[in-house]
Amino acid sequence: MTQDSQHGKWTISSSDDDDEALPPSGTTSSYRPPASNPGLHRSASPPSPKLEPPVEVKPEPANTPVSSLIVGSEARQSAARNQLNPVKYETSQSLAGKRKKEVSDGSGWALSESDDDDDGHANGKSVSNSPKKAPPYPKTKKAKVENERPPSPHGRLYYIDEPDDFFESSVPRLNDMYRFYLNKVTGLDRKYNSGALHIRDILSPLFGTLKESVQFNYCFDIAWMVNQYPAEFRDRPVLLVHGDKREAKARLLQQAQPFPHVRFCQAKLDIAFGTHHTKMMLLWYKEGFRVIIMTSNLIRADWYQKTQGLWMSPLYPRLPKGSSATAGESPTFFKRDLLEYLASYRAPELEEWIQRIKEHDLSETRVYLVGSTPGRYVGSDMERWGHLRMRKLLYDHTDPVPSEERWPVIGQFSSIGSMGLDKSKWLAGEFQRTMTTLGKSSLRSDPPMHLLYPSVEDVRNSLEGYPAGGSLPYSIQTAQKQLWLHSYFHRWKANTTGRSHAMPHIKTYMRASPDFTQLAWFLVTSANLSKAAWGALEKNNTQVMVRSYELGVLYVPSAFNMKTFPVHKNPFPASSSSSGFPVPFDLPPTCYSPKDQPWIWNIPYSQAPDTHGNIWVPS
């Protein structure tokens with residue numbers, strides 16, 4: 001089976017892609033870039049520029065077979081190299097010179113009307129996107145600026161337009177009803193950052209006097225992370241919960257050498273190709289305790305020009321001494337579920353935190369916890385984790401709605417795993433059954449399913465340009481086996497939040513009314529569209545297997561004494577009085593046009609420049 005596209009001819013393997021049947025590491029993609037492109041070769045990659053501070057960068061996983069995992073092992077690193085040493089787009093000498101001038105003087109985006117382009121890795125080998133620059137354009141040498149920021153992996157233009165109030169000096173105006181926030185994005189109109197949160201805001205002393213913290217995450221830049229803590233808290237103990245092994249673990253430990261207050265907890269990953277993908281902060285203050293569940297890695301590039309989301313808990317006060325074991329529970333059983341999630345790590349380093357949580361009052365929580373933790377589960381344990389946990393919550397805590405077969409499911413994510421040769425293998429089978437559960441309705445509806453994933457044009461026109469695609473690691477090896485999936489795809493458009501050009505690293509799922517004015521529920525999570533993240537049924541549906549750690553929070557209207565959530569049409573500037581839910585992107589979603597292609601990060605895009613005048617050329 002073949003399909004012609006802008007990306008060449010894709011050859012579709014006839015073999016099944018069950019996660020248990022993984023191809024050998026030497027398997028090569030059936031995609032062959034055109035030999036005439038001088039930027040493409042299979043020789044060893046040139047050394048990459050050193051980033052300051054050193055960053056452990058990895059792609060966001062998408063519950064992947066080995067082909068995607070090997071290919072994606074350094075996607076972000078490649079993206080960073082591409083911005084440090086980009087390939088300039090050229091059509092003629094005069095145009096190339098003009099474009100370089102436009103970019104070098106910081107005058108903004110230099111766009112072209114022509115079409116797309118991409119980068120990558122191949123089968124176990126790192127493929128650098130560190131292409132060649134066009135011949136140098138004469139210009140005067142820039143005088144050294146004292147006390148300027150360290151180099152950004154996203155180039156000198158990365159911090160331009162950062163407003164004076166980007167780092168808040170006072171408590172931002174927050175929506176205390178839902179406690180769901182987007183991150184701040186550089187270069188936006190000020191109103192679109194009103195009520196959004198940067199990591200420095202989250203760790204600010206205005207939210208509490210920090211004594212100790214835990215950071216659960218997938219990617220860390222420890223020097224950068226430490227610097228985000230206010231000076232007065234910068235030496236307070238921090239525990240990092242990670243999933244790195246062997247060389248990656250050694251690099252992480254090396255990063256922490258200058259910081260004796262940083263300790264580690266290694267998450268057990270006993271099932272192949274699983275990852276520790278949960279992104280959570282536990283913050284212990286003199287005044288109490290707080291939980292942050294988010295979608296951002298702890299690296300600089302995730303906090304400035306991408307769309308991210310987070311849930312911030314209320315400040316949980318300490319319970320009176322002698323309180324019962326069940327004290328401080330919320331109507332959503334958040335305390336019980338958080339303790340169960342932490343216990344699943346089986347980690348001595350987390351025991352003192354489990355005890356601290358028991359001593360605090362979490363009764364004000366109005367969201368449900370939806371976690372994944374690696375394992376094979378049978379019987380009632382099948383409903384503890386992954387999408388079956390989600391199904392159980394929707395069954396117990398939502399209500400049927402009239403004409404529910406017309407209420408679409410919307411899924412939005414930044415990475416995609418292998419789901420089988422047709423939709424019935426997983427997506428339109430067990431996963432759709434979960435996402436279409438509404439209360440105890442016996443109706444097994446088949447509503448529309450809209451999947452939001454950036455197109456090549458979305459990435460090309462983004463604030464970061466093509467390197468934003470390093471955080472969208474959908475590989476050609478996976479894509480060519482599931483062309484059926486692409487008919488579900490919708491563009492990333494977020495004009496209501498000002499973030500159409502800030503590529504999504506956030507992951508959200510929801511059920512919307514036919515006119516897209518109401519929500520039956522909303523989920524923000526670390527889980528991408530993949531079986532590793534959400535789990536997959538095995539053994540004639542008597543067992544579920546989950547590979548990765550994930551964490552998110554589910555909003556259901558009943559917990560807020562509502563029938564449905566009204567969609568907030570203009571969530572910025574933020575207002576604490578609105579009852580509308582701040583959906584991060586535009587509704588209704590926009591279908592891909594016939595010319596749109598999903599972003600695939602490990603193939604070249606050289607037909608048109610991005611917003612920085614660069615192209616995307618793997619080598």
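Using N, Cα and C of the backbone, Cβ positions are placed for all residues, glycine too.
Copied over from TrEMBL:
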ACT_SITE  His277  active site, nucleophile
ACT_SITE  His505  active site, proton donor/acceptor
COMPBIAS  75-95  compositional bias 'Polar residues'
REGION    1-157  region 'Disordered'
SITE      Ser530  site 'Interaction with DNA'
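Ser530 (site 'Interaction with DNA') has a Cβ environment of 28 other Cβ atoms inside 10 Å.
Rounded to a whole value, the Cα-Cα separation of His277 (active site, nucleophile) and His505 (active site, proton donor/acceptor) is 13 Å. Of all Cβ atoms in the protein chains displayed, 30 besides its own lie within 10 Å of the Cβ of His277 (active site, nucleophile). On the backbone, the CA of Ser530 (site 'Interaction with DNA') and the CA of His505 (active site, proton donor/acceptor) stand 15 Å apart.
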